[in-house]
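Peer 1: According to Swiss-Prot, the protein has these features:
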{"type": "ACT_SITE", "residues": "Asp317", "note": "active site, proton donor/acceptor"}
{"type": "ACT_SITE", "residues": "Glu501", "note": "active site, proton donor/acceptor"}
{"type": "BINDING", "residues": "Arg157, Trp164, Asp165, Asn201, Arg210, Ser211, Gln212, Arg282, Pro283, Glu284, Gly315, Glu516", "note": "substrate binding site"}
{"type": "COMPBIAS", "residues": "552-570", "note": "compositional bias 'Low complexity'"}
{"type": "REGION", "residues": "542-570", "note": "region 'Disordered'"}
{"type": "SIGNAL", "residues": "1-34", "note": "signal peptide"}
Amino acid sequence: MITPALRHSGTLSFAIKLTVASTLLTFASLSAHAEEQPASPPQPPDILLGPLFNDVQSVKLFPDQKTFADAVPNSDPLMILADYRMQRNQSGFDLRHFVDVNFTLPKEGEKYVPPEGQSLREHIDGLWPVLTRTTESAGKWDSLLPLPEPYVVPGGRFREVYYWDSYFTMLGLAESDHWDKVADMVANFGYELDSWGHIPNGNRTYYLSRSQPPFFAFMVELLAQHEGDDALKKYLPQLQKEYAYWMEGVENLQPGEQNKRVVKLDDGTVLNRYWDDRDTPRPESWMEDITTAKSNPNRPATEIYRDLRSAAASGWDFSSRWMDDPNQLSTIRTTSIVPVDLNALLYKLEKMLARASKAAGDDANANQYEALASARQKGIETHLWNNQEGWYADYDLKSKKVRNQLTAATLFPLYVNAAAKDRASKVAAATQAHLLQPGGLSTTSVKSGQQWDAPNGWAPLQWVATEGLQNYGQDNVAMDVTWRFLTNVQHTYDREQKLVEKYDVSSTGTGGGGGEYPLQDGFGWTNGVTLKMLDLICPKEKPCDSVPATRPAAPGASQPAPQKQVETTP
């Protein structure tokens, strides 16, 4: 068994000077022990296999490009590549046969058939062991990265753990009283921070060049609900490493400059963006990316590839939010956009670093992190609020102004308690008027055909909206989001006996569409959010296993007439 590398010596701390005039941040790292430096990352399959990888993906040997990215070489990739170069031009060469001989392809997961007559809660509780994986070791050339403890995967084609998905899955594990699994998953992410200096998109070599929305602070906070301040002190070094990754290079930035994930605006405000260290097609979506880049010959392909990868880092892959033309994916420019949700999450990380530092008895660093959080909050209110529209939005580095598009990301400042109260009420009104649909919260109001646009609704965004609105006393709108999404989940489950990755919220009882792959079932984060919402709408003394027939009253709010579930045609 791998021992999690949760080392506590030589931890990272920051000295910060915060001037009132410019809020200039200066970071100085204390020297760290050499053994704590991240290891050299293993190479992804597109580099290991070079032309062989490109050829297999280019002829679309497999319907899903992720299949070959996850295939395991049976011997040294250099030897396989040498054999390929000798054989590929010979008469009668069969590429599929060559792949079958030299690689072990990922197995299709066994089709899970749930027992008949299960309630929604019973179905989810029965899925936890089905979705649990253990990978204490992996083959030398496997793209899968081993983790020390068991973990829960989303389901379907996703055979590995994913960063931001996992927090919402963990919410459900906690509701099911699987605190051991919650602790295991936090330990795994701590191990990744110690191993690689960041939490990758997922535990695959081809995901190491990027991260995902930074929810590690939320995970530690969740674990602390069960273990108390010991969890905060235990994972303080890893929280610091997470922060160092996102802020890398900030100390050398001049106003108007960017470095990887950090940007300094013209007025000296420091904020963050999504970034991938590579500018090549994604191995798991190789031909899709090449096709997208070829459709816009006016842009360098490498620029498009990095923006596609950076959108994958955002979790919103893909959305009109990142595009100049909602109907042309090749106009994507993720790296020139400062996302409101990312900066809200980093505000939370700074607040958690302050809390964990205080728990560890380090008041000086706690005060420094509080100052950083205050500076970021000011930056959010100054640059990520659209005063004309009345909602939080992203900042455009090219036009140097806040964007106009309303997306579900507008609720993240409410979710982390960073919003001004009067602005929170405006966000609630905009949400109700433009994003709230019969089946839940729409991701945007734009119908682009991309999966992170209308009419799709995603479980994590439903929870962010629900909790964010509750934080500011917008209980009726919060209950509307909860009730409508749960009704959607229940109707889909009643018809298909499964929970899915995303839902069409323009009605109830329909899975979502769009994206680079078919609709996936399972599904980790939907399971977790559904359990949280079930426990939100039903009193603790009388928990419900399925969605009640009528909408409950929002706590502490004047309540409209009870609404019955909307009937749908099977």
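From the backbone N, Cα and C atoms, a Cβ is placed for every residue, glycine too.
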Peer 1: According to DSSP, does Gln212 (substrate binding site) fall in a helix, a strand, or coil?
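Peer 2: The three-state answer is coil.
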Peer 1: If one measures from the C-alpha of Gly315 (substrate binding site) to the C-alpha of Glu501 (active site, proton donor/acceptor), what distance in angstrom results, rounded to a whole number?
Peer 2: 13
Peer 1: Which of Asp165, Asp317 has the fewest nearby Cβ atoms, counting only those within 10 Å, among these recorded positions?
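Peer 2: Comparing Cβ neighbours within 10 Å for the recorded positions Asp165, Asp317, Asp317 has the fewest.
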Peer 1: Using a 10 Å cut-off on Cβ-Cβ distances across all protein chains shown, tell me which of the binding-site residues (Pro283, Gly315) has the largest neighbour count.
Peer 2: Pro283
Peer 1: Whole-number Å only: compute the distance from the Cα of Arg210 (substrate binding site) to the Cα of Asp317 (active site, proton donor/acceptor).
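Peer 2: Roughly 13 Å, rounded to the nearest whole number.
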Peer 1: Least buried of the binding-site residues Arg157, Arg210, going by other Cβ atoms within 10 Å?
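Peer 2: Among the binding-site residues Arg157, Arg210, the lowest count of other Cβ atoms within 10 Å belongs to Arg157.
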Peer 1: Give the three-state DSSP assignment (helix, strand or coil) for Arg157 (substrate binding site).
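Peer 2: For Arg157 (substrate binding site) - judged by DSSP and reduced to three states - the answer is coil.
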Peer 1: For a quick check of packing: other C-beta atoms within 10 Å of the C-beta of Gln212 (substrate binding site), how many?
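Peer 2: Excluding its own Cβ, Gln212 (substrate binding site) sees 21 Cβ atoms within 10 Å.
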Peer 1: Any idea what the Cα distance is from Asp165 (substrate binding site) over to Glu501 (active site, proton donor/acceptor), rounded to a whole Å?
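Peer 2: Distance between the two Cα atoms comes out at 10 Å.
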Peer 1: State the three-class DSSP label for Gly315 (substrate binding site), counting H, G and I as helix, E and B as strand, and everything else as coil.
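Peer 2: The residue in question, Gly315 (substrate binding site), is coil (DSSP, three-state).
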